[in-house]
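Per TrEMBL, these features apply:
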type	residues	note
REGION	1-37	region 'Disordered'
COMPBIAS	18-37	compositional bias 'Basic and acidic residues'
DOMAIN	152-202	domain 'Inner membrane component'
TRANSMEM	155-181	transmembrane segment
TRANSMEM	252-282	transmembrane segment
TRANSMEM	363-385	transmembrane segment
DOMAIN	368-488	domain 'Sodium/calcium exchanger membrane region'
TRANSMEM	397-418	transmembrane segment
TRANSMEM	438-460	transmembrane segment
TRANSMEM	472-492	transmembrane segment
TRANSMEM	539-559	transmembrane segment
TRANSMEM	591-610	transmembrane segment
DOMAIN	591-733	domain 'Sodium/calcium exchanger membrane region'
TRANSMEM	622-642	transmembrane segment
TRANSMEM	663-682	transmembrane segment
TRANSMEM	688-709	transmembrane segment
TRANSMEM	716-736	transmembrane segment
Amino acid sequence: MASDAEPGRRRRCCCARDSPDVPKGSDSRGDSDGPRRGSLCDRHCAAINNVQGDLGDLGCHLHRPRVPPATSTPSCYQQHSEEVCESCVVKTTLTAENAVEANKLSNNYKFGFKKWKSHVTARPWEDRSEIVKELYSDLNVIRSSGGSTLTCGNVLYLLLFGWWLLLLYVLVAAMMFITIIGAPYGKLCWDLAGYFLWPFGKVIQKVEVPKSHQVREASAGESSALLGGPTPHRWRPRCWAGTGYWHHTSTVAWLCLGYPVLALAHGLVCVTAWLLIVLIPVAKLSARATSRVLLLPPERVLIRRLRMTEVPLEGEVILCCYRAANPYYYKYSVDGINVFAVNLLPLVLVTLVLGYADSPNHLTGSAVKFTLALLSIMPLSYYIGMAIASISAQSNFAVGAVVNATFGSITELTFYITALIKGSREGNRCYAEVVKSALTGTLVGCVLFVPGLCMVIGGIRHQEQRFNSRSAGVSSALLFLSVGGVFAPTLFSKVYGKLVCGECHNVTQNPLGHYLCHNCHFDLMDNNGTLYYSHVQPLVYTVSILLPAAYLIGLFFTLKTHTHIYDIHISDCHMPGHHHSAVVHWSRWRALVILLLSTLCMSACADLATEHISPILTNSTISQYFIGVTVLAMVPELPEIVNGIQFALQNNLSLSIEIGNCIAVQVCMLQIPILVLFTIFYPTNFTLVFSDLHVYASMFSVVLMNYIFMDGKCDYFQGTVLVMVYFILLAVYFFAPSPSGC
């Protein structure tokens, strides 16, 4: 679930020494998660553990048998009782509910793997908070103290739905009374009209039909200490006794006249409330009313107002609602899929149908279709990320690495390749420039905006956040290497290219005076393209081979030979009370099918986006640079940004930083070489020569990011600096003239 809290993070100090003042096998101060007290080294490590974040080595060569926590199981203690460390290292221990979740958490800390916050398995019900339990509970539970029903959410329900549902039920009741035979249902609709005007603090109960000889006794009245008062007597014709419910003419009249109208109204309420997310309780209320209440015989439906006194109800409680709105429903998920991704999925279908069925733009224009296609990329990116995380968590390391390397950048590559193909067919160089702008925007955004925003939001809750500077240093080094390699052909062209200007004017009216020139660029095709084909192109191919090789070396370094730099430990001990197998949301085959379907839909949406971006690029007064570095670059990364913010809120800034760094590294070391390789087999206008603005913005961003990350700690002020610099660069792109060829 996207909103469930990450499994408990605790500190484990593996620096200790033999000390007689700490009894073995006992728990100090009764704190199972806290550090051991007693010796000088213990107190030193305890002081370190009080600081949040990943710390470095402290150079201590002392050891002693580990004191087991009070909550540890004997098997877990026997496994870890003889730990000997050669340095005082503070490790972050993550406790997972099962082996699949442990594998997913471990993958989050592996370089090159997609960082995923959501659970890939169903969390045990007993481990969820009371807030989350309330989200998934049915509206048939009577609480001891519901509190006041006069809330803003309930008033909003009254204004949006309650008043017109009241009128509709009154009209249906009148219609059923007119039919005579539907009078019992008219009485039911009259009672439900008052209920749906303000259903809060009321209960709908399913009561058993008394036997024929008990009808007179039941009509005399019955009372309940909880509900209070006599049971409202409903008119029951004698002809109903002993006959089947679905064979009555009144039922036929109800199903033909009354029920369809009310079911349609409740369906509209259900869809509207579900899309608003915070009003999901109203959606549950309408769905339950349509499927249960309106299909019951009138004499079996009982509506009463709750009172403070409680006794168990004899009949089944069908509906009991206290609140129409709950702000925590952003945590709600359906089969492991966050509710936002569920609500955006129909948008993908609308985009595909509208885009391909209305190709002449009779219904909507290109701007609307481009916007819909771009918005559809967000839920598809979420499904791709969920599928990759599910497959990786249920597979071995090799399969996970292949899946992440293959589909990790599929969202961006799909759009880039379709744009280059369209530009090549139309002979328009503007598409290649837009792709370069999107590549640069992704690099700059993931280096500045993503970590900066996470620092700001995380810094609001935590005064100072620490992260593993050693693991961040690996990504920083790869960023320096990748940026230098990507822009090497550009720098080469600046040195050896011939400056060509489109239009020049003599300012001084002197042939030897000053000239004012426009549309100047470095020409690499001088002398029949000798410079480009003999020097620049071989350099581009060389860089495109070296960058993926460096990426593989980085993978081998971080995942094989130097795994200790991540300073993380995934507990292989089951949490107390957990003795069940993992129930995955998506099996490997299901995740694979969803991954392929999402990739196919992503290709279709990217095709529609590139098909309808041309009028926007031609008629828009905004620079094409700005469109590329903002909309096209950052919209596909929104699910990653949300994951980074969630990690930062849980004081796990290391993963927030790694999310941005890994995307930036993959842009330079995987996506760009793949695009170069694609141009070999399918010639396009894409060349690895960027404008000066892209070069300066990328290099400055990487240098600033490394300066901020040097000390391994940060606060909201440093995050604000990164965000402000990003917005300054956006302002530069906004006021920059459009690139040549657009």
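Here the Cβ of each residue, glycine as well, is placed from N, Cα and C on the backbone.
Where the annotation comes from TrEMBL, it is an automatic prediction and has not been curated.
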Intrachain residues whose Cβ lies under 8 Å of the transmembrane segment (622-642), provided they are six or more past its termini: 2, 115, 117, 374-375, 377-378, 381-382, 385, 411-412, 415, 430, 433-442, 444-446, 449-450, 453, 616, 659-660, 663, 693, 729-730, 733-739, 742
Could you tell me what the rest of the chain brings near the transmembrane segment (363-385), counting residues at least six beyond its ends with Cβ under 8 Å? 114, 116, 337-338, 340-341, 344-345, 347-348, 350-352, 354-355, 407, 410-411, 415, 594-595, 598-599, 601-602, 605-606, 608-609, 611-616, 631-632, 635-640, 643
Is the transmembrane segment (688-709) packed against any residues at least 6 beyond its ends, judged by a Cβ distance under 8 Å, and which are they? 436-437, 440, 443-444, 447-448, 451, 467, 469, 472-473, 476, 479-480, 483, 486-487, 489-491, 493, 524, 536, 540, 543-544, 625, 657, 672, 676, 718, 721-722, 725-726, 729, 732-733, 736, 739
Can you tell me which of 397-418, 472-492, 663-682, 716-736 gets the most C-beta pairs within less than 8 Å of the transmembrane segment (438-460)? 716-736
Could you give the residue numbers and ranges of same-chain residues that sit at least 6 residues beyond the transmembrane segment (397-418) on either side and whose C-beta is under 8 angstroms from one of its C-beta atoms? 107, 112-114, 377, 380-381, 384, 387-388, 391, 435, 438-439, 442, 555, 559, 595, 599, 602-603, 606-607, 609-610, 632, 636, 666-667, 670-671, 674-675, 678
Determine how many residues of the domain 'Sodium/calcium exchanger membrane region' (368-488) DSSP places in helix, in strand and in coil. 105 helix, 2 strand, 14 coil
